[in-house]
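One structure is given below, encoded as structure tokens.
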Amino acid sequence: MSGGGPSGGGPGGSGRARTSSFAEPGGGGGGGGGGPGGSASGPGGTGGGKASVGAMGGGVGASSSGGGPGGSGGGGSGGPGAGTSFPPPGVKLGRDSGKVTTVVATLGQGPERSQEVAYTDIKVIGNGSFGVVYQARLAETRELVAIKKVLQDKRFKNRELQIMRKLDHCNIVRLRYFFYSSGEKKDELYLNLVLEYVPETVYRVARHFTKAKLTIPILYVKVYMYQLFRSLAYIHSQGVCHRDIKPQNLLVDPDTAVLKLCDFGSAKQLVRGEPNVSYICSRYYRAPELIFGATDYTSSIDVWSAGCVLAELLLGQPIFPGDSGVDQLVEIIKVLGTPTREQIREMNPNYTEFKFPQIKAHPWTKVFKSRTPPEAIALCSSLLEYTPSSRLSPLEACAHSFFDELRCLGTQLPNNRPLPPLFNFSAGELSIQPSLNAILIPPHLRSPAGTTTLTPSSQALTETPTSSDWQSTDATPTLTNSS
């Protein structure tokens, strides 16, 4: 579930409870081997829900109406105050459309500043083991928002909140505000993340075409995947790994084709040398090193997942539909062949002596339909590599020839609308891999001197953040979950 509401479908997540936040209310995540959760329609049933692990919300806690910043915990570093319950008692969700709920919330980005925020038209659009997602309308601007409400452990900072507060990119769902509210039980505290609302998900868009026995237009595949890779390049430059890339977590506006990555409930700032849990990411999209139990993985697990999403859009179904953790590896081997000893060592050195059945790789051209563009197949094969370091980086993927059509002047969406903003790179984005900039910036947006032309167009380079915007900073030391 997400800004777009519940979607159902998709594979189950990890065996521990997972927050499949926005796009999909989780059914029960499979235990142990991570069997498919729930039973809703779509390939693999519903994904499991995952409780947002990690750290509890930092900084000033904004209470519900009347509580004041910090509530009983006090302002500043005193922690969040519970305030009143949200939604308030007596509000009949979906019925009392004119009733206004007012809370004191903290701005999602920038300096910690609290203000009163009023909502109307509150209704549930998804739920799971992690909590509930509501849709609401801001009373002042009439803008729709999604409110993700999760039970908060007062001992920890909330990792999802910490990460979302530092992210600011056009292809990432924006945190507008956050506030805390009390629950029905004594000392129960909830964190409410107020997020921009995006109506659809890539999962539901793809399912629409599949049900109609149609193939999703290749230009939409290009536009969606390009924006996904751009969002990954940004978060990876911040040291953040999403760890749950799947179609259900890719929000899209069906009219403009703008894509926004959502659900950072599994995301983590990866630090070299520090171990991470391997049982992460929804099964169909899990990188092989995770299946091998690696704990020192890198952000390239997101690239593998993105490769699975690309393949799924091209095929009309998941490329690796494993029934369990072990079967997931079998599905991968059926396509890529048995990994070599060196590839296994790169994924997890502890498995080098394990005996695997020797299976030859299936030719990529036979994996996909005959009409699949060769550039799409080439990109897929460069993403779905056993060796993590051999996978393309997200920006290298953006620069791939598969996306050249997007860089051509005059290219439009199939609905005859202009392309969404694809080239409004910030200085920070252009500093990630400068050698790629000559490809990433289309010729028609370059000045004669070779620099980017500054124009009012949404396709041009516009923002220039300070260097501090691109520092990967750790949260204030506190008791935290290291998974």
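Quick reminder: no glycine exception, Cβ is built from N, Cα and C everywhere.
Just so it is clear, the model here is predicted, and its values are computed rather than measured.
According to Swiss-Prot, the feature region 'Disordered' maps to 1-96 (among others).
What Swiss-Prot lists as compositional bias 'Gly residues' is 1-15 (among others).
What Swiss-Prot records for SER2 (among others) is phosphoserine.
The N-acetylserine annotation in Swiss-Prot covers SER2.
Look at Swiss-Prot and you will find SER21 (among others) tagged as phosphoserine.
Residues or ranges marked as compositional bias 'Gly residues' by Swiss-Prot: 25-82 (among others).
For SER72 (among others), the entry in Swiss-Prot reads phosphoserine, with the evidence type a large-scale study or a structure entry.
Look at Swiss-Prot and you will find SER77 (among others) tagged as phosphoserine, backed by a large-scale study or a structure entry.
The phosphoserine feature in Swiss-Prot is assigned to SER97 (among others); the stated evidence is a large-scale study or a structure entry.
Sequence annotations record features per position, and here Swiss-Prot assigns domain 'Protein kinase' to 119-403 based on sequence analysis.
Swiss-Prot lists ILE125, GLY126, ASN127, GLY128, SER129, PHE130, GLY131, VAL132, VAL133, LYS148 with the feature ATP binding site, giving sequence analysis as the kind of evidence.
Swiss-Prot lists ASP244 with the feature active site, proton acceptor, giving sequence analysis as the kind of evidence. Of all the Cβ atoms in the protein chains shown, 29 others lie within 10 Å of the Cβ of ASP244 (active site, proton acceptor).
What Swiss-Prot records for TYR279 is phosphotyrosine, and it gives similarity to another entry as the kind of evidence. DSSP classifies TYR279 (phosphotyrosine) as coil under the three-state reduction. Around TYR279 (phosphotyrosine), taking its Cβ as the centre, 17 other Cβ atoms fall within 10 Å, counting all chains.
Sequence annotations record features per position, and here Swiss-Prot assigns region 'Disordered' to 449-483 (among others).
If you measure from the Cα atom of TYR279 (phosphotyrosine) to that of GLY131 (ATP binding site), you get 21 Å. Each of the binding-site residues ILE125, VAL133 was scored by the number of other CB atoms within 10 A of its CB, and the lowest score belongs to ILE125.
Under DSSP, VAL133 (ATP binding site) is assigned to a strand (E or B) in the three-state scheme. Rounded to a whole number, the distance between the Cα atoms of ASP244 (active site, proton acceptor) and GLY131 (ATP binding site) is 18 Å.
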